[in-house]
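Some features that Swiss-Prot has for this protein:
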- THR252, ALA253, GLU254, GLU306, THR406: L-serine binding site (BINDING)
- ARG283, LYS284, GLU285, VAL299, GLU370, VAL371, VAL372, SER373: ATP binding site (BINDING)
Amino acid sequence: MLDIKLIREKPELVKKDLIKRGETEKVKWIDEILELDRKWRENLKKINQLRKERNQLAVQIGKRKKAGEPIEDLLARSNEIVKQIEELEKEVEALKKKIDYYLWRLPNITHESVPVGKDDTENVPIRFWGKAKVWEGFLESFKEQSLGKMDYEVLSWRPRLHVDMLELLRGADLERAAKVSGSRFYYLLNELVILDLALIRFALDRLIEKGFTPVIPPYMVRRFVEEGATTFEDFEDVIYKVEGEDLYLIPTAEHPLAGMHANEILDGKDLPLLYVGVSPCFRKEAGTAGKDTKGIFRVHQFHKVEQFVYSRPEESWEWHEKIIANAEELFQELEIPYRVVNICTGDLGYVAAKKYDIEAWMAGQGKFREVVSASNCTDWQARRLNIRFRDKTHEKPKFVHTLNSTAIATSRAIVAILENHQTEEGVVKLPKALWKYTGFKEILPASMKEKCCQD
């Protein structure tokens, strides 16, 4: 939520930012907010003046009573003032509701470094890491996607898609999951179960080493938490509701972590607060019909390790760089080639002032796919959830800044591992960083395991 003071003092800045975001229909809202705010403040002033007059009347009534003089005229005026105040208070409340309606539906103000663009095709790659395995048929496309800035190894054989690897390894049962739960669900099987859990522990260990406090949050939260952490559109497109209850299944650990300190005033000396949340995530994926319908890349349920930071406003941009660096280190240890993308205004979403994505090279698909998002939400969530801090007892509290970043979303990390670390024979060679967590170094195709058993 935006600060009303910002709209009062810099309305043109807010309008220009809305235009950059492509939210041109909301530009007129700013003038409407200013007019409503003018009336709201005007009515508050009238209420204060009337209260002052009523207090003065009370003094006069007291004096007249002592003097034995009539007070009927003063009482009549006092009663009239009470009615006027009641009417004005109703108007003030109605005006406040209208102002809040707009404020709660305005996006965050973007950072000056965010590129202007209409959609994800105009996101800007800013750095690349790793040596990509590229099938010769994908080579020209790869060079274009990597801007010629990434090392690569040309393969004469085409790496399998992760969905084919799942079948080859007997690592998941999608058919039976569809029978039991519908589309975009899966049974994870055999070594991939161990791999999923290994990825969680791997990410947790690395972030705990960096001072993050591990948290398993509630998997359901109340509506006020979701309203504070995300946009109203997500209630239709993303979030599952528990019927008959004021509870929603979390789409990410970010949301219960954002709500953890709702309506609190934090001690400034405790900042930054660093949390690493571990949870399942539940998402409707409405509006994605036809996208990634096969496999486990885009699903209704998955595990995720999430970084969450409460910081001082002046430190939040430094922390934004730190949390994306943390995620990069994880994917470097997993030996997954990737690019970091600066998300443009048209793809940014309402919550973030700036967002980086890590897009892993998927050797089977021949394209980069999102595996991490890292956002600086500045004070947008903190205002909605009323999370403040102060350094001294009697100091006026200020709003914190909140930041979040994926560490590992296990299903997407598994997709990246299957597509990048497979051999021509279909063996998956696991990165060394995971060996101590899995207890094995490779995953064999089911047919090879059967043959080994027979031999």
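Think of each number as a place in line: the chain as shown, counted from 1.
Keep in mind that glycine also has a Cβ here, set from the backbone N, Cα and C atoms.
Distribution of Swiss-Prot features across the structure.
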residue : record                : contacts (Cβ under 8 Å, 6+ apart)
ALA253  : L-serine binding site : VAL215, PRO217, GLY277, VAL278, SER279, CYS281, LYS304, VAL305, GLU306, PHE308
GLU254  : L-serine binding site : ALA229, GLY277, GLU306, PHE308, ASN404
ARG283  : ATP binding site      : VAL238, ILE239, TYR240, PRO251, VAL299, HIS300, GLN301
GLU285  : ATP binding site      : ARG184, VAL238, ARG298, VAL299, HIS300
GLU370  : ATP binding site      : ASP357, ILE358, GLU359, ARG412
VAL371  : ATP binding site      : PHE331, ILE336, TYR338, ILE358, GLU359, ALA360, THR406, ALA409, ARG412, ALA413, ALA416
SER373  : ATP binding site      : LYS355, TYR356, ASP357, SER405, THR406
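Look at ALA253 (L-serine binding site): DSSP puts it in coil. In the three-state DSSP reading, LYS284 (ATP binding site) counts as coil. Surrounding the centroid of the Cβ atoms of THR252, ALA253, GLU254, GLU306, THR406, where the record places L-serine, the chain contributes additional residues within 8 Å, namely HIS255, LEU257, GLY277, SER279, CYS281, LYS304, VAL305, GLN307, PHE308, ASN404, SER405.
Counting Cβ atoms from all protein chains shown, VAL299 (ATP binding site) has 20 others lying within 10 Å of its own Cβ. Just so you know, the Cβ of LYS284 (ATP binding site) picks up 18 other Cβ atoms within 10 Å once every protein chain is counted. For the binding-site residues THR252, THR406, the largest tally of other C-beta atoms within 10 A is found at THR406. The maximal spread of the L-serine binding site, taken as the longest Cα to Cα distance among THR252, ALA253, GLU254, GLU306, THR406, is 10 Å. A straight line from the CA of VAL372 (ATP binding site) to the CA of THR252 (L-serine binding site) spans 12 Å. In this structure the alpha carbons, written CA, of THR252 (L-serine binding site) and LYS284 (ATP binding site) are 12 Å apart.
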